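S.K.: Structure in structure tokens, see below.
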């Protein structure tokens, strides 16, 4: 008997906690700013409505209908089993560096309890001659083009010990960040060791606490001088960029990164639901919450960056940085200029980052643990969880070396973005074209009691695979090798490793497909191949009684239309 969430609220909050993560706080504001400001919301919302939300609902359906993890769900199309393993590899790539970002947040959290925030002063221990204090009166300072703020040098020199390139290797792990990383994985283990019964309870905090901090920072930020200029800079549209392919590529990437579609945790979470749980409602709530959080974070971040630009007498574009630069340089620098208890706001901010990160990390790691537990049911779950956490910690050590940030960018590009495009295209083709759109719509009607309209059918069957294929081809055409801080391309060996990582994940599809074909019964390979495209005997609802009823229901003729017939819905409900 598969365990269930203790309440529907725990499932909903766990989905919000997983989907609303670091990407909303530090990635969305910068991506929006770079791609047209307020105008970016148009392609982003279009992508969310026609790609993100349908994919989210589809993955929820597959998990809840079969009560299986992201590999076992492919009993519907056994040949496509490799999609689940490819997604698992991408998920493992992302969660290993996600916890490293959480480790950096822990490092800053501990540093925030000092009487003087350490990144506000140029400490001779690590500062260079170009360093200037972030709390100094800059109107009297003689700043040049080579001047660097203490917050930036603190992050790159003292915390990361970052090297300019990888010509001489990446160095050895830093012991302080290693301990912070160990703490992160201990927390993830504690959340996941007992399954959803423990992670569901934690979701009440991980899903709601970030909103408390965001709203607190927004109220504080809007009262600061220069905040209005920062918010206007964020929302002012640049209409010329809306029609450029780069903006749409950025919108799709941000949507995937934000909602976590294509990675597997969504189907894993929904697999712990009762069979007839109303996931249609939940998928809508999570999509809206994710979008609301991204916009709220953008306004909050830029209100405080506007104040930073005002205090430093610089244009806003000079103080805006993306990714780790926003979280660990620009924002800490802005907080240090608060008149009242900057330590309090620093603690709140980094606690928020940790909460966001651990919610997403537990969802991603839980997906891998569920896959292994489904394949190895005789091994206690806590042992599987301990193995995944220990292995992930050891892999994560490569990111806390002086050259670790270069490896992180490499794995993020090839492991977190590149792979997912291929997997999502394969996922929609396998479900809608091989398992069959008619059959999946019939399954939904049986499970939820209503039919689906043309919106869902068109997006799943045509729009998503075609649009993602076009965007992926465009990305490959304009691809440029990643570069180090000094502008030089990554070493050939590093780029080769990235391509090998992507190839290993993509090759899971044909490799597992060949293994499945080999196990099928048939007089020749063609018959075995055809058998591998048909649902396995194990596919269907987990509950034996419901499955028998479903098999009887399936004997009825498939009545399919692009527009649902209300009579069918009433017939299904009575059935």
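In case you wondered, yes, glycine gets a Cβ from its N, Cα and C as well.
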S.K.: Identify the transmembrane segment range according to TrEMBL, selecting from 310-332, 379-401.
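M.R.: Checking TrEMBL against the ranges 310-332, 379-401, the transmembrane segment one is 379-401.
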S.K.: Transmembrane segment per TrEMBL: which of the ranges 247-272, 533-558 is that?
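M.R.: Result: 247-272 is the stretch TrEMBL calls transmembrane segment.
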S.K.: Tell me the Cβ contacts of residue 131 (disulfide bond) under 8 Å, same chain only and six or more apart in sequence, or just say none.
M.R.: 122, 147, 148, 149, 150, 153
S.K.: Tally every other Cβ atom lying within 10 Å of the Cβ atom of residue 356 (Na(+) binding site).
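M.R.: If we count other Cβ atoms within 10 Å of residue 356 (Na(+) binding site), we arrive at 29.
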S.K.: With the transmembrane segment (247-272) as the reference, which stretch in 89-111, 175-193, 344-372, 458-477 has the largest tally of C-beta pairs below 8 Å?
M.R.: 344-372
S.K.: Give the sequence-ordered set of same-chain residues, not counting 20, 24, 258, 356, 360, with Cβ within 8 Å of the centre of the Cβ atoms defining the Na(+) site.
M.R.: 18, 19, 21, 22, 23, 25, 290, 293, 359
S.K.: What residues in the same chain, six or more past the boundaries of the transmembrane segment (89-111), come closer than 8 Å to it by Cβ-Cβ distance?
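M.R.: Same-chain residues near the transmembrane segment (89-111) but 6 or more away: 22, 117-119, 159, 176-177, 180-181, 183-185, 188, 262-265, 324, 327-328, 332, 346-347, 350-351, 353-354, 357-358, 360-361, 364-365, 367-368, 392-393, 395-396, 399-400, 404, 408, 411-412, 415-416, 419-420, 423, 501, 504-505, 508.
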S.K.: Relative to the Cβ of residue 20 (Na(+) binding site), which residues of the same chain, six or more apart in sequence, are found under 8 Å away?
M.R.: 207, 210, 258, 289, 290, 293, 356, 359
S.K.: Name the residue among the recorded positions 24, 122, 258, 360 whose Cβ has the smallest number of other Cβ atoms within 10 Å.
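M.R.: Lowest Cβ count within 10 Å among the recorded positions (24, 122, 258, 360) is 122.
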S.K.: Between 12-33, 205-227, 344-372, 497-517, who has the most Cβ pairs under 8 Å to the transmembrane segment (175-193)?
M.R.: 344-372
